[in-house]
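Some features that Swiss-Prot has for this protein:
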type    : residues                              : note
BINDING : G80, N111                             : anthranilate 1 binding site
BINDING : G80, 83-84, T88, 90-93, 108-116, S120 : 5-phospho-alpha-D-ribose 1-diphosphate binding site
BINDING : S92, E226                             : Mg(2+) 1 binding site
BINDING : R166                                  : anthranilate 2 binding site
BINDING : D225, E226                            : Mg(2+) 2 binding site
Amino acid sequence: MPIRDQIIQIVRGHDLSEDQAAEAMEEIMTGMATPAQVAALLTALHLKGETDAEIAGMARVMRAKAIPVHFDAPLLDTCGTGGDGAGTFNISTTAAFIAAGAGAIVAKHGNRAMSSVCGSADVLEGLGVNIELDAASVARCLDQAGIGFMFAQKFHPAMRFVGPVRREIGIRTVFNILGPLSNPAHARHQVLGVADPALAEKMARALHLLGTQHALVIHGHGGLDELTLSGPNLVIDVRAGHTPRRYEVTAADLGLAPAPREALRGGDVSVNVAIVRGILSGEDQSARRDVALLNAAAALVAADRAADLRDGLHQARHSLESGAALARLERLITVSRGGEG
């Protein structure tokens with residue numbers, strides 16, 4: 001079905017099948033669709049509301065068009081959809097180093113700031129990591145540092161057909177939620193944060209359709225795309241071969257002190273670099289450390305390295321206190337810049 005017919009179908013209020021969504025995405029990612037058609041499809045989907053099948057179909061094509069990173073071991077990604085406008089520091093990036101220090105191999109996929117001041121690419125670059133790596137160099141980082149970073153705009157060249165349209169129409173589209181589903185290393189273990197609670201179930205079902213091994217879809221209290229300390233957090237546990245399981249968890253459930261959202265606030269790149277280093281070095285013992293531990297615990301559960309969040313929290317603490325998390329950062333800086341791990 002040509003993309004023009006799919007636009008008409010969506011405008012009439014009908015959902016696309018997973019295969020139809022993949023066909024539309026194929027036209028977009030190969031440059032066959034005109035900018036007007038891309039804008040119309042994205043806007044119509046946004047107004048109708050994307051289904052899990054539509055999200056999964058488009059994600060399959062985006063994965064297929066990405067430059068692949070080959071690595072023969074189970075990989076974990078920690079990322080979110082963004083868009084929460086909370087101005088927190090780089091929680092999932094900090095948690096990634098803590099999880100790596102506890103033995104998970106982390107293939108982090110991210111970009112520069114979109115809705116925030118400092119994205120994962122920005123803070124990693126500020127920390128001294130070379131973010132402009134090719135696939136072979138990322139695989140080397142995974143092997144020698146236990147963590148690697150894939151700069152989204154470098155690994156998704158087909159996005160050149162979409163970028164100008166997204167900027168011109170100026171609304172959030174399905175592409176804002178496809179990024180976390182399109183890891184170039186095909187990480188099958190994942191923590192995926194969503195700012196919109198209505199999106200959590202859709203993303204969980206999409207991950208299930210995409211054949212994820214183990215993922216935690218999380219929505220933080222107060223509308224964050226991270227687990228927070230301020231109230232009940234939604235978690236949807238998605239495992240291959242199992243029905244997704246939904247539950248809530250608070251900081252107090254795990255013995256962590258509650259803290260308001262304001263306690264997690266970050267700033268520009270220099271501020272967030274100092275925060276991340278402070279946590280990993282053990283100097284920062286504030287609520288920022290606790291929220292990083294909580295999200296690292298979730299990452300370790302998703303990586304199948306922890307039995308539950310309490311066990312994950314215990315391992316995350318050891319990663320920080322032993323210096324293993326900081327060592328992963330230092331090693332990534334060295335290896336990404338061409339040194340030996």
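Note that Cβ sites are derived from N, Cα and C of the backbone, with glycine treated the same way.
Positions of the features from Swiss-Prot, shown on the structure.
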residue: G80; record: anthranilate 1 binding site; DSSP class: strand
residue: T88; record: 5-phospho-alpha-D-ribose 1-diphosphate binding site; DSSP class: strand
residue: H109; record: 5-phospho-alpha-D-ribose 1-diphosphate binding site; DSSP class: strand
residue: R166; record: anthranilate 2 binding site; DSSP class: helix
residue: D225; record: Mg(2+) 2 binding site; DSSP class: coil
Alpha-carbon spacing, D225 (Mg(2+) 2 binding site) to G80 (anthranilate 1 binding site), which is rounded to whole Å: 6
Binding-site residues clustered about S92 (5-phospho-alpha-D-ribose 1-diphosphate binding site) [Cα within 10 Å; pool: G80, N111, R166]: G80
Subset of binding-site residues (G80, N111, R112, R166) lying within 10 A of E226 (Mg(2+) 1 binding site), CA to CA, in sequence order: G80
CB within-chain contacts under 8 A for N111 (anthranilate 1 binding site), separation at least 6: G119, S120, A121, F151, A152, Q153, G179
Among G80, T88, H109, R112, which are recorded as binding-site residues, the nearest neighbour of R166 (anthranilate 2 binding site) by Cα: R112
